[in-house]
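Chemist: Quick one: structure below, then a few questions.
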Amino acid sequence: VSTMKAKTSSEGEEEASGTRNETLGESGLLEEAKRGRVIRVAYVIAAIDLTFLFMQIGVMPYLAKSLGLDSVGFGYLQTIFGVLQLVGGYIFGRFADQFGARAALILSCASASVFFLLLSLSTSIPLLFLSRLPAVFMHGIPGAQKVITDMTTPSQRAGALGKLGLCFGVGIIAGSALGGVLSTKLGIYVPTYVGLVGSLINTLIAMVWIPSQTKPKSDHHVKEHSTSQSGSLFSIREILRLMKFPGVMEVFIVKVFAGLPIGLFMIMFSIISMDFFGLEAVESGYLMSYFGVLQMVVQGLVVGKLASHCTEMTLLRLSVFVFAGVGLGMALMRTVWHYCIIAVPLVFAFSMLATITDSILTKAVPSSDTGAMLGICASVQPLTRTVGPTIGGVLYKQFGVSSFGYLQLMVNLGLFVYLLKSKIPLGEMKS
């Protein structure tokens with residue numbers, strides 16, 4: 001009798017255990033589905049944000065000209081935008097760490113709404129300059145990256161971040177086309193009205209579909225000894241603290257300098273396309289659309305697959321090596337068709353470098369500091385836009401287009417040798 005009871009009890013325990021495992025499995029699948037849905041919403045928000053951003057970039061020169069702003073004044077306007085984005089990137093990241101990815105995305109979308117509202121009211125040059133102020137908190141891509149970082153495991157992160165390139169491609173193609181059509185057919189201020197409505201819709205999407213807490217529950221209970229204790233949104237000490245984590249400073253230096261020469265070239269591209277390639281405005285638009293398609297293909301299909309088969313350090317070295325080859329091609333190019341060929345490895349290296357370095361850096365710091373790290377990464381492009389017009393102008397005027405290629409080649413060959421010889425520790429600080 002006792003044996004039969006023990007057997008019955010054992011069978012009951014096994015059945016209960018199986019039921020528990022089945023329940024946990026179903027709950028895990030539901031949680032996975034929920035995370036996937038939130039990540040897709042973040043992609044949608046990023047695509048809408050970039051579409052209206054590129055729409056205003058295309059319209060802005062014509063709006064400034066219609067208000068009587070000359071080329072020098074337009075340069076100041078662009079510099080102010082770059083400085084505000086540079087300063088705001090890290091502040092935005094710290095805000096995301098302290099108040100959550102949802103609050104940060106809402107802040108970004110609301111700031112974009114104010115930006116387009118002020119832009120639609122800009123009937124004079126002072127008002128046009130005033131409309132730049134909300135740009136300090138307009139960081140839709142870092143906001144989406146923060147959501148993705150919180151909702152993915154370290155092994156999934158590079159692929160998930162890479163798919164943001166699809167949003168970037170959609171933004172370039174749709175934004176450029178939409179801005180041109182609306183401003184030509186309906187008036188120069190119509191794109192700003194559309195941008196205002198779109199930004200308000202984005203704000204509502206973030207409020208409704210992004211959960212208030214995106215980090216895994218385990219992250220709320222683990223208190224890491226190196227986590228920031230400062231409550232201020234901007235602190236040089238906090239930036240230096242993040243740079244002291246193993247491998248962070250080395251990877252960040254590679255991120256900044258590998259893409260700097262091509263960044264200078266892209267800043268001067270509107271002048272180069274007219275003077276060197278002899279393109280009209282419509283042809284320049286087609287070239288930008290070509291870039292958008294390449295970006296979508298590379299980041300949507302290539303980066304994720306390579307990230308699942310190769311180590312991040314291998315991909316980092318590959319991107320820098322390809323960048324060096326791109327530099328040689330740029331130094332030798334003579335026609336726009338040469339540039340179209342060079343654009344393929346250029347977009348590959350640019351996309352791979354951005355995705356892999358963001359993935360490495362967010363995994364190298366504590367989970368409570370990923371927003372700040374993404375904010376610092378987001379400040380790289382505004383920094384290039386701030387110093388780029390001066391440096392790029394001198395290079396182009398004194399040495400010609402080939403100087404950008406030779407600079408790209410030398411800088412990236414040096415970085416490639418550095419990456420081969422140095423042993424950068426890529427320890428993960430995630431709980």
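Cβ atoms are placed via backbone N, Cα and C, with glycine included.
It should be emphasised that the depicted structure is a prediction, and the values quoted were computed from it without experimental measurement.
Just lifted these from TrEMBL, have a look:
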type: DOMAIN; residues: 35-426; note: domain 'Major facilitator superfamily (MFS) profile'
type: REGION; residues: 1-23; note: region 'Disordered'
type: TRANSMEM; residues: 41-63; note: transmembrane segment
type: TRANSMEM; residues: 75-92; note: transmembrane segment
type: TRANSMEM; residues: 99-119; note: transmembrane segment
type: TRANSMEM; residues: 164-182; note: transmembrane segment
type: TRANSMEM; residues: 188-210; note: transmembrane segment
type: TRANSMEM; residues: 251-272; note: transmembrane segment
type: TRANSMEM; residues: 284-303; note: transmembrane segment
type: TRANSMEM; residues: 315-333; note: transmembrane segment
type: TRANSMEM; residues: 339-361; note: transmembrane segment
type: TRANSMEM; residues: 401-420; note: transmembrane segment
Chemist: Between the transmembrane segment (99-119) and the transmembrane segment (164-182), do 3 or more CB pairs sit under 8 angstroms, pairs being 6 or more residues apart?
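Modeler: These two segments do not touch.
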Chemist: Give me the stretch from 41-63, 75-92, 251-272, 315-333, 339-361 with the greatest number of Cβ pairs under 8 Å to the transmembrane segment (284-303).
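Modeler: Ranking 41-63, 75-92, 251-272, 315-333, 339-361 by Cβ pairs under 8 Å to the transmembrane segment (284-303) puts 339-361 first.
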Chemist: Thinking of Cβ pairs under 8 Å, which stretch from 41-63, 75-92, 188-210, 315-333, 339-361 has the most of them with the transmembrane segment (251-272)?
Modeler: 339-361
Chemist: Which listed range (41-63, 75-92, 99-119, 188-210, 315-333) shows the maximal number of Cβ pairs under 8 Å with respect to the transmembrane segment (339-361)?
Modeler: 315-333
Chemist: Could you tell me the mean pLDDT over the domain 'Major facilitator superfamily (MFS) profile' (35-426), as a whole number?
Modeler: 83
Chemist: Quickly jot the same-chain residues contacting the transmembrane segment (75-92) by Cβ under 8 Å, restricted to those at least six beyond its ends, or write none.
Modeler: 60, 64, 69, 104, 107-108, 128-129, 132-133, 135-139, 142-143, 233-234, 239, 371-372, 375-376, 378-379, 381-383, 385-386, 389
